[in-house]
Each structure stands twice: as structure tokens, then as C-alpha cells.
Amino acid sequence: MKKQIQFANQEEKQEFSKFPTKTGRRSLSRSISQSSTDSYSSAASYTDSSDDETSPREKTQVNSKGSSDFCVKNIKQAEFGRREIEIAEQDMSALISLRKRAQGEKPLAGAKVVGCTHITAQTAVLIETLVALGAQCRWTACNIYSTQNEVAAALAESGVSVFAWKGESEDDFWWCIDRCVNMEGWQANMILDDGGDLTHWVYKKYPSVFKKVRGIVEESVTGVHRLYQLSKAGKLCVPAMNVNDSVTKQKFDNLYCCRESILDGLKRTTDVMFGGKQVVVCGYGEVGKGCCSALKALGAIVCVTEIDPICALQACMDGFRVVKLNEVVRQMDMVITCTGNKNVVTREHLDRMKNGCIVCNMGHSNTEIDVASLRTPELTWERVRSQVDHVIWPDGKRVILLAEGRLLNLSSVMIWVLALALIELYNAPEGRYKQDVYLLPKKMDEYVASLHLPNFDAHLTELSDEQAKYMGLNKNGPFKPNYYRYDRGSKTTQNDFDYVQYTHFYCNVV
């Protein structure tokens, strides 16, 4: 029998009536919760939006300036994206410093840059810096899952022709690249690529574009490998800058950034605890070193696979057991690839994994894990959350696959290097760079590093004239010869030893 609430007087009863009933309170709670969820999912690109399943290709969107030369998920998210870019700028003072120093000179005036990278708040700062330095930009995404929709909207609102959204199909991916390249009355003269897909598309569909292109800047191991293949075959028709093997890329993005992003990526997707977990990291290059260091620090039991005896020896000296994947795959709780190669984790390995094993890729290429072999009738795919799938075997075993085998981590430090590489290639006198692949000049790497130092309140010691003479160095650098490796492995070509002249821009800013 329900008890009736007794009120002392009519005023007390009226006061109580202002509050929702039990049903009302539940509805209010649900309303608030749903409102928060709707607001959050409409803004954050890493959540799924269920309110609009229409393909951006089927929409007609216009920014506040009246332009429709873009294709993003929702242009109305631009304000939120702008706030994310402003937050990113606070942590990218070196690039902002470059923007302020060079903005007056406009070293990219006349440059028409077509870019294919991850589209995040950090890369948006790069794109807007290129625009501030005089470039016209058209941009697309190198990864179908990594685009931050709100950031793409903010770029489109600012006037950048951007064609990207999270969750593109393969057909959408190539359509976006084509829209960037194939624009009537506009032809690129610089290419900035991450993975080589943009360069490949131009070679395949629009080879005449290379008649005006001054150079290619490539930032990934996969794309650089493709460039070296073109060069070896005599098919590389413009100079290309290998940013992937620059010191600042190898050390900062590949080692230090991946040391943090591996933990962030795994925590965001799986909420896994690392202590006591058995982990195998495939590859002990700079990315692998960063991953192993981070996982070991949180108590994981880490072993390494390697093909290179030098990297294998480094792993041993760092305290990691070097194994073959097929020797340990049954016992592993996590399998992480960091090689840039193909079929590192095969269907045979996946069949032998234990229930609940987490499989992910920290390298650029999506070929390291043989995901295609998992799309068979006997296996069931179950979407758990964004970028997390359970692949279920007939006996009930589940393997947790992250990002469908694509890149799990995103780093941003090397963005400064990309800007400088573009400036160098665009301003280089005719004949300085031939139709070959070049590493960044040492002085440029040092300049990128110097831009970061004020963030740490670091004070460089200056050489005296006597010390500089004794060491045979210029007081302003470069401080190491081109073959100095900073304790890292890298490719070295004859071009690395060529004397490199520097533009007026570098002489002034360094």
C-alpha cells in the first residue's frame, strides 16, 4: 500500500509540486543525458553520429563565404573545430613561431599545395601556417578513420578546399583525392603526401601535373619506400624530400610521440590494464623502441620480433627478448606491429591467438596485419565501439582488432619539418635538386629542434671562436655531419653527402 505524503500547509504542497514526479525525474534525467550525448557526438569526431547517415558526397554545403569547394561531414561543426585548432596552437608554439617569423616574407607565395595527410587539429595548424606563408592549399585525408570531422569543417569554413570525413569508404577515399587534384583552373605545383597514395594517383591519372610540380614532400616510411622504387626505376620525374628519415621525425614522432600515443590509443579503445600483460612488438625501429619503453614502464612483459641484427641487438641490450612471432603468439595478450611491411601478422598467426588478444598497428601501412583474410564467412565481425571490432571464430574465440589494422597512433611534432621541407623545395634554385629522393639538410633539422627549445626553457651553450675552429664547425651549425646517426638506423644515399646551399630565408631565421 502506497504511503501518501503529508504536507503541513498548502504552500509546502505547492513548493513540492515544482519538482518533477518520479516519472518526471526519470524523463528529466534521460533528457539531460541524451542532450549531453547528442551534443558531444555531434562535436567529437571519435564518436559515431547516428542523426545523419547521408554521405557528404550527396550533400550541398556552403560556408559563410559562399564557397562550396569542399566536402566534409557537417560544415556546422566548424565552430567547435576552431576551438580544437586553437587549443592545438597552444602546444605548437614552434610552428606558430615559424608562422610569425616568415609571414612577412611569404616564402610560399605562388605555391599551390595539394596535401594528403591525417586531418587533425595539429595538421590544421600546419595547413593554416602554409596559407599564412602565401600558399594555396587543397587537402584530403590519408586515412579513412583518422579525420576529425569538426576540424575538417573548420578548415572548410576558413576557405581551405578540404575533402575528408571520418569513415570514408575506399571509393570515397579515392574520390576525395581526385577532387583535390582535378580542379578546373587550378593546378598544384607542390605535393605533400603521407603514404604515397596522392603521388600514386597523380602518376596514374594526371601525369601531366608533374610538368609544373617543383617537388614532393613525403612523411611516411611507406611513401618514402614508393619514392625510392620510382627513383630506382628512373620514373621519378621531380625532386622528392624524404622527411620520414629526418632526425626530428625519427626521434620525436617515431620514438618520443609513439612512446605516449601507444598507451593513449590502447586506453581509449580498450581500457586495458598493462601490468603483467604479455606483449609482442613487431619491429624495433624508433616506433618499436618507443612502444616497448612505454609498455615496459607500466609493467607489461614485452618481447620483440626483428629482421635486422643491429636492431635485434639493441633490443637485447635494452632488456627485451627477441623472438619469432610464431614461437610466442599463443601466449600473447597483445600483438603490436611497427614495421611498415606487409603480412607481418598473417591468418595463421591470428588463428593461433588466444581469446581476447588485442591486435593493432602502429606503423603507417594498413598491410601489416592481414585483415583481408579475416573477412570470410566462417568468422563473425562485431563492432564494439568506434574503431574496435571483435572478430569471432566458430569456437567462440574473440580477437580484438583495433582500427581494422590501420594506423592507431597520430603524432604531430614532425609537422614543423613538413613546412620547412616545402619551403626548401619550393624556393630551391633550379638545378639544386635533381629527380631523386633527398634527406632533409642537417641545418633544417637543427632549426626544427631549436624552435622547440623555448618550450622547455632550454638554453643552448654557444661555441667560442676557438672551440668552433678546433672542432671545424660553423658557430651557427650544422653541428653534426650528415652521416651522424644520433643513435638511430637510417638509409644513407650519396645525396646525403652532397653540399646543400640554403635559401635566404634560412640564413635569416637561424
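Backbone N, Cα and C atoms are what each Cβ position is placed from, and that goes for glycine too.
Record features (TrEMBL):
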type     : residues                                       : note
REGION   : 1-66                                           : region 'Disordered'
COMPBIAS : 29-48                                          : compositional bias 'Low complexity'
BINDING  : T120, D194, E219, K249, D253                   : substrate binding site
DOMAIN   : 254-415                                        : domain 'S-adenosyl-L-homocysteine hydrolase NAD binding'
BINDING  : G285, E286, V287, G288, K289, G290, E306, N409 : NAD(+) binding site
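Projection of TrEMBL feature records onto the structure.
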residue	record	contacts (Cβ under 8 Å, 6+ apart)
G288	NAD(+) binding site	V281, C282, V304, C311, C338, T339, M362
K289	NAD(+) binding site	L255, Q314, D318
E306	NAD(+) binding site	G283, Y284, A312, A315, V322
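With T120, D194, E219, K249, D253 listed as the residues that bind substrate, the site has a largest C-alpha separation of 18 Å.
Contacts of G290 (NAD(+) binding site) defined by a Cβ separation under 8 A and a same-chain sequence distance of 6+ are given as N254, L255, Y256, C257, C258, R259, I262, in order along the sequence. The Cα of E286 (NAD(+) binding site) lies closest to that of K249, out of the binding-site residues T120, D194, E219, K249. For the pair K249 (substrate binding site) and V287 (NAD(+) binding site), the Cα-Cα distance reads 11 Å. In this structure, the CA atom of T120 (substrate binding site) is 20 Å away from the CA atom of V287 (NAD(+) binding site).
Taking the C-alpha atom of G285 (NAD(+) binding site) as reference, the shortest distance to any of the binding-site residues D194, E219, D253 belongs to D253.
If you take the Cα of D194 (substrate binding site) and the Cα of V287 (NAD(+) binding site), they are about 16 angstrom apart, rounded to a whole number.
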